[in-house]
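Student: Structure below; questions to follow.
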There are 4 protein chains.
Amino acid sequence: MTEFFKGITPLRYDPSSTDLAFRHYNPDEIVMGKRMEEHLRFAVAYWHSFAWPGGDPFGGETFERPWFGNTMDLARMKADVAFEMFDLLNVPFFCWHDADIRPEGDSFAESLRNFEEIIDYLGAKMDGAKTKLLWGTANMFSHRRFMSGAATNPDPDVFAWSAATVKACMDATHKLDGQNYVLWGGREGYETLLNTDMKRERQNAGRFLQMAVEYKHKIGFKGAILVEPKPQEPSKHQYDYDVATVYGFLKDYGLEDEVQMNIEQGHAILAGHSFEHELALASSLGIFGSIDMNRNDYQSGWDTDQFPNNTPEVALAYYEVIKAGGFTTGGTNFDAKLRRQSLDAQDLIAAHAGAMDICARGFKAAVAMTEDGTLEAMRQDRYAGWDTSDAKAMLASDFSSIAERVASTGIDPAPRSGKQEILENIVNRFV
Amino acid sequence: MTEFFKGITPLRYDPSSTDLAFRHYNPDEIVMGKRMEEHLRFAVAYWHSFAWPGGDPFGGETFERPWFGNTMDLARMKADVAFEMFDLLNVPFFCWHDADIRPEGDSFAESLRNFEEIIDYLGAKMDGAKTKLLWGTANMFSHRRFMSGAATNPDPDVFAWSAATVKACMDATHKLDGQNYVLWGGREGYETLLNTDMKRERQNAGRFLQMAVEYKHKIGFKGAILVEPKPQEPSKHQYDYDVATVYGFLKDYGLEDEVQMNIEQGHAILAGHSFEHELALASSLGIFGSIDMNRNDYQSGWDTDQFPNNTPEVALAYYEVIKAGGFTTGGTNFDAKLRRQSLDAQDLIAAHAGAMDICARGFKAAVAMTEDGTLEAMRQDRYAGWDTSDAKAMLASDFSSIAERVASTGIDPAPRSGKQEILENIVNRFV
Amino acid sequence: MTEFFKGITPLRYDPSSTDLAFRHYNPDEIVMGKRMEEHLRFAVAYWHSFAWPGGDPFGGETFERPWFGNTMDLARMKADVAFEMFDLLNVPFFCWHDADIRPEGDSFAESLRNFEEIIDYLGAKMDGAKTKLLWGTANMFSHRRFMSGAATNPDPDVFAWSAATVKACMDATHKLDGQNYVLWGGREGYETLLNTDMKRERQNAGRFLQMAVEYKHKIGFKGAILVEPKPQEPSKHQYDYDVATVYGFLKDYGLEDEVQMNIEQGHAILAGHSFEHELALASSLGIFGSIDMNRNDYQSGWDTDQFPNNTPEVALAYYEVIKAGGFTTGGTNFDAKLRRQSLDAQDLIAAHAGAMDICARGFKAAVAMTEDGTLEAMRQDRYAGWDTSDAKAMLASDFSSIAERVASTGIDPAPRSGKQEILENIVNRFV
Amino acid sequence: MTEFFKGITPLRYDPSSTDLAFRHYNPDEIVMGKRMEEHLRFAVAYWHSFAWPGGDPFGGETFERPWFGNTMDLARMKADVAFEMFDLLNVPFFCWHDADIRPEGDSFAESLRNFEEIIDYLGAKMDGAKTKLLWGTANMFSHRRFMSGAATNPDPDVFAWSAATVKACMDATHKLDGQNYVLWGGREGYETLLNTDMKRERQNAGRFLQMAVEYKHKIGFKGAILVEPKPQEPSKHQYDYDVATVYGFLKDYGLEDEVQMNIEQGHAILAGHSFEHELALASSLGIFGSIDMNRNDYQSGWDTDQFPNNTPEVALAYYEVIKAGGFTTGGTNFDAKLRRQSLDAQDLIAAHAGAMDICARGFKAAVAMTEDGTLEAMRQDRYAGWDTSDAKAMLASDFSSIAERVASTGIDPAPRSGKQEILENIVNRFV
Ligand SMILES: [Co+2]
Ligand SMILES: [Co+2]
Ligand SMILES: [Co+2]
Ligand SMILES: [Co+2]
Ligand SMILES: [Co+2]
Ligand SMILES: [Co+2]
Ligand SMILES: [Co+2]
Ligand SMILES: [Co+2]
């Protein structure tokens, strides 16, 4: 045991606790026929919780973790602390980037050796632990070599470096029995159109994603390939702007049946959408995969990556997840960072515990809304006219015949109330 | 002649004028082998200039036009004034919605009779005039029957009404020899997901657009079908959010070779994009069509539809239009309204003249940037590495072989400057 | 009784109801020593509920109320329906603009006669009713005469018209024993700086507000004068931008002890602030007065004026209201409109009932947070260092002596955790 | 001479150059009776140009400057390079934070020694150079000790540290004959209201600013004290939100005649204002001081600090500066950073040269607009009614007498056109 979480004991489920405990999340509670743990599939993000030093654009490191530094020993200490937290929180999953877990080497080969060694170290730890890998991913945005993109870099050598990197990360994810592999294109975009060949960059990105899918099949990785949309920050514009944009991209490269979405609330907001919108859209397009359940501040125009804290919002999100059929390989990742003034080990535990509780509350509310059925019944009733054979026949016909019918029958459609406030009241009976 | 523009004489090209005149727009000036008029293809929007009363969400009519009212006589007077303005401005095109030009009747049939009569009246006026029809479109958002959508309405009868309406508008556009037919889905979206079946609505919208394309071919209309993206306002979310979103939608319904984009600067901004972005994206996807050259206020979160007034912005937009090959059936429409305090006939003329001048300045700057070639040469040079056979071979290969090469050759790609400020300085030599 | 609410019976408190009822709001429940009704002081806004036709920038009237029209008879029917709703909801207060309640006349004198007659009609209704007037106000933004402002109009005659209007509205508010008089300057601002003399307009606005305060004292009106900040919409920029801006304005005209704030959640958001921020700031400046508890959609850039529906948000707002000492003359007004698709009488009742419930839940949560005391204790503890005599002495000293002490004692202040996530978890124990 | 700018020769004025040169900025050109250099008073910001490593929230250092590191030798090399750039650009001013120019020491005392030594080094360089100090300021936001604020920190020791720091920076600014001293409160604000005592923090900030003003008078510093508003980033909310907010704050602490504004375009935009707005407001409140002429990207919600590149925008800003009387102690600072992909020494020179050119073009356009006088004449004419003795008498009267006059004379004010588009066209004759 390291000293970092000294004095903090494993969190238990205790609805009346005012201390570090779960007041709502009981992993063993059965809802809709399954344990809460299996529904929610919580994951801790290695980067924000263990690798991020607390900087922002106007300030440097605020966290002073004993494992900060670029050596293998420190990387192992970091892994030890991480698994201690996973145990305290009893989380079933975690996620990493290559750069979170291994020290950067002086060459690709050295970085790879470091990475493979740490993967083995993690694998050994996982053997004796409950926590599994939800997904792995490659950090292709922090190092200066990626400043102009990874797959979309003007320099083909960076494409090559990126391909080799993703291969290594997919291999490691496969080895650790990860449930998914994620791609996030923080530098796949542009700062100015003046120096950008958008068509070419988009093509290279499309080819890169095809290669990732081809490689998945080659190695027999059974997890899902996920893309995480985000509109901007760090780039002025990123190609994986939002679910709708990625969908068009997948269609163009024949990947709509191969790739799913990892949707983050904060990124939805940056793109001008509600989280529910992105979830409902992905579901209706058949590409829903997993979620990053971290919110943005509504008054800030950048990615604040805060732990969720608003039950009604979370409930509406899980309501869409349930309508989409729930998670299969996906789960609820917290791509969330402590506020940089939250310095203590206790803050790290409390933040995750509070988030897990909010998710549990929200999920149970969403289940209740689903099981009650009023909302869905009212929604279906609104469209009942479209279930008639006349309506179906009209859809199969053409403008001329429809126009003829309009002319001959003299229809005058009467608006019906959309009942938005009543529906919102119904939601509030459950949250 | 009506009295409305009394005292205003046709505007002439006079670079040194401080009065109502064109200081930059000379329709007969030849650039890139064509007259300016044929490059820019200016159009006046009937709705904002002749039908909009000056209201906003907190105030009613400020304009008191003698033709306001719901009779055929007033509709004809409105048409007379409109053509007088077209003559004063010497614009080659105009655009309309059905609801702009004809009085609403008590039934579909009566509205249609009014519409057809006015179309004939417009046709007769066009016979003796220079001004042609850039595009027609149907207003399926103002009347309360469309409050829950047109093609995406929960009531199939509204779909039918809409189909009959678009048919009539396409017929009229064809009759008047319009260059394009536009669809804008201001109510095709939702106010709340709670009452919305997004999947079904999207399917109905897809089928509706297919029907429009089928009808175009049936009647032999040779113009382009254009869709105008806008993210929100009036709805909370509209399905034609932006170019990328519409592209995915077109792919889903097999329409990407049949439908092009009518891109508005203000709508680009509402969607979180620059105008140039939307233009460049549409061009790279092969779906660029036409533009609505009206800006949004950068500090307002709604669609202000202002006349353009910033030359550098307009120049960057036309630079993308030129890179896209210029307009074929498309043109430069001003979907712009006077500020509601701009009460006078003179304001209406001055606003258009100023906008046309800004466009002419911007276009000539874009031509100069193009003909100079430095910008494009620098851009191409940045990607030169991708033109090598090695790079092409890499794209055709796979992760494993790339990773092998990275491992064996020990590449260490060195970042090269993106030169953004230098490129911006070059632009500023031309604007 | 009119027919409008036919079939709807007065709403009762019934926590388990799934019908039109209050599930959380029990006016007679005692918390913190007072009845809920006296804490919350709910008010219905006449304009949105009875005068607004359902239009938006792209569509016209959707509501077809039997009292729409510009006659005295219809104005009386509107008042009858309004008081029927007040009874159904059992609300203690309502609010009006002059333009909501009386038909516009052809002259100032005629409008005033209409107004005074309706005021008497309302007075008679109030005699037999529970519902009192929370505040009156003047609509000086809808009519075209106000298009360039009221007190800030370039035309002194509009200033005069506005002064006479506010006088009449203050007289009527006084007569009906209103608790406050509100000024909202929707047109006191500008569309373009190019035609605006900001200094002069600000001075005229300052003088106008002084006159209102002088008139209040002259007639012996004991209620508070409230200003409602809003940054934009309808104008590009309004002078009463936010609480901080209005505070500087009040200081300039010696009115900071005479005028308080009516703070609306939606307007806070448009100004880039959270609602809590505006409330906390007004409280810390000593100018907190009343609230408009209607939210904005976080993805829309305009004033959506929606009924509140998020308990945690509402709880944080009331937590600040409680810290500010609660309402004295102020109250909880719903400056909220139905979504324009919510056509039915039932929608109107349900929307208010749902909002009152959310407010009751939020208020009770805020009371619990307050009575628990942990949050406030942690906050006070964070600043404990400032309560020492050394810290107070330092504040009374100067840079030189402080610098000397820093040099001589070699301090090295150690950051302490801000505990944001822990505090958010504590809030979530109560909401 | 260092090697950094090797091959770059001093930039000259050459309107037809396509190379590194000034195409518009001729320091010796006389406009409005003064040399351009004396009007514009350009300043280079030490931090962005010499201390910023190119990081962003998702990536680290991209610039690899030979002077990066934390030693006195490197600090001197940095100063040498800086003055070489000042010479190449022929800029009359520069600006610094303490942290830009000296290595951080292990204690306050050591940092102070480093600082004083570098100040002497800079002083010596300035003796032989043209470039003077526009302003100095203290970086009280980057180090973790300031994470919860400087003057507003919950820990009084941080207030003390900050006071000692500002004293040292004011001493140094005075010693180097700086024209102004600036305070920017990037951490003076909050992340969450839950742990914040806004009233107390505001009072401490007020007292701190008073101390700074008192110290200025004590040491006989003749320059202006400037506050630079910014709404958010890095904090969720900063107390110096915008000009209007700071004005109320100054009024509260009796500082409105002692402190002026340093207004940055990017910060205006983040606060929801145009740059012109903030300038015009500061001018009308009598607190205009200086400008940071760096823009924000309109599609990004954070502080992008880009070099200006849009002539019409810059012209409208300088038009307000001219109306405010031009600069006295203030000037045109570029608080602008290269894009992080602009790696080369040439990028740094080109960015500044382009910005200076844009400012020169914009300023000359603003002069032409001013000298032409049409805009101002139209603006004054709009308010002519207010110059009559009747209007003045009305302002000195009261509601009762005005209402009497309205009743007796039956006024019916007629709206007059605001002519916004015509005014915008006039601007476009000059830009
Ligand atoms: Co994020
Ligand atoms: Co994420
Ligand atoms: Co528009
Ligand atoms: Co348009
Ligand atoms: Co509002
Ligand atoms: Co309000
Ligand atoms: Co800035
Ligand atoms: Co600045």
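Just so you know, glycine gets a Cβ as well, placed from its N, Cα and C.
Curation does not apply to TrEMBL; its annotations are automatic.
Found this in TrEMBL, in case it helps:
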ACT_SITE  A:H97  active site
ACT_SITE  A:D100  active site
BINDING   A:E228, A:E264, A:D292, A:D335  Mg(2+) 1 binding site
BINDING   A:E264, A:H267, A:D303, A:D305  Mg(2+) 2 binding site
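Map the listed features onto the structure and describe their local environment.
Tutor: Mapped onto three states, the DSSP output places A:H97 (active site) in strand. A:H97 (active site) has a Cβ environment of 21 other Cβ atoms inside 10 Å.
Packing around A:D100 (active site) is summarised by its Cβ count: 22 other Cβ atoms lie within 10 angstroms of its Cβ, all protein chains included.
Cβ contacts within 10 Å of A:D335 (Mg(2+) 1 binding site), excluding its own Cβ and spanning all protein chains shown: 23. For the recorded site, A:D335 (Mg(2+) 1 binding site), the DSSP three-state label reads coil.
Taking all protein chains in view, 23 other C-beta atoms sit within 10 angstroms of the C-beta of A:D305 (Mg(2+) 2 binding site).
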Student: Going by Cα-Cα distance, which of the binding-site residues (A:H267, A:D292, A:D335) sits nearest to A:H97 (active site)?
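Tutor: With Cα distances computed to A:H97 (active site), the winner among A:H267, A:D292, A:D335 is A:D335.
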Student: Other residues near the Mg(2+) 1 site, CB within 8 A of the CB centroid of A:E228, A:E264, A:D292, A:D335?
Tutor: A:W184, A:K230, A:N262, A:I263, A:Q265, A:G266, A:H267, A:I291, A:N294, A:N333
Student: Check each of the recorded positions A:H97, A:D303, A:D305 and report back the ones whose Cβ is under 8 Å from some Cβ of chain D.
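Tutor: From A:H97, A:D303, A:D305, flagged as close to D: A:D303.
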Student: Please report the distance from the Cα of A:E264 (Mg(2+) 1 binding site) to the Cα of A:D305 (Mg(2+) 2 binding site), rounded to the nearest angstrom.
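Tutor: A:E264 (Mg(2+) 1 binding site) and A:D305 (Mg(2+) 2 binding site) have their Cα atoms 9 Å apart.
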Student: Using an 8 Å cut-off from the Cβ centroid of A:E264, A:H267, A:D303, A:D305, can you name the remaining same-chain residues around the Mg(2+) 2 site, in sequence order?
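Tutor: What remains near the Cβ centre is A:K230, A:Q265, A:G266, A:L270, A:D292, A:N294, A:N296, A:T304, A:D335.
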Student: Compute the C-alpha separation of A:H267 (Mg(2+) 2 binding site) from A:E228 (Mg(2+) 1 binding site), stating it in Å without decimals.
Tutor: 9
Student: Select the closest residue to A:D292 (Mg(2+) 1 binding site) from the following recorded positions, measuring between CA atoms: A:D100, A:D303, A:D305.
Tutor: A:D305
Student: Quick one: what's DSSP say for A:H267 (Mg(2+) 2 binding site), helix, strand or coil?
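Tutor: In three-state terms, A:H267 (Mg(2+) 2 binding site) counts as helix.
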Student: Which recorded positions are spatial neighbours of A:D335 (Mg(2+) 1 binding site) here, meaning Cα within 10 Å, out of A:D100, A:D303, A:D305?
Tutor: A:D305
Student: Whole-number Å distance between the CA of A:E228 (Mg(2+) 1 binding site) and the CA of A:D305 (Mg(2+) 2 binding site)?
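Tutor: One finds 14 Å between the Cα atoms of these residues.
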Student: Under a three-state reading of DSSP, tell me whether A:D292 (Mg(2+) 1 binding site) is helix, strand or coil.
Tutor: strand
Student: Work out the three-state DSSP category of A:D305 (Mg(2+) 2 binding site).
Tutor: coil
Student: Quick test of your reading of the structure: among the recorded positions A:H97, A:E264, A:D292, A:D303, A:D305, A:D335, whose CB sits under 6 A from ligand 2?
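Tutor: By the Cβ criterion, which requires under 6 Å to ligand 2, the hits are A:E264, A:D292, A:D335.
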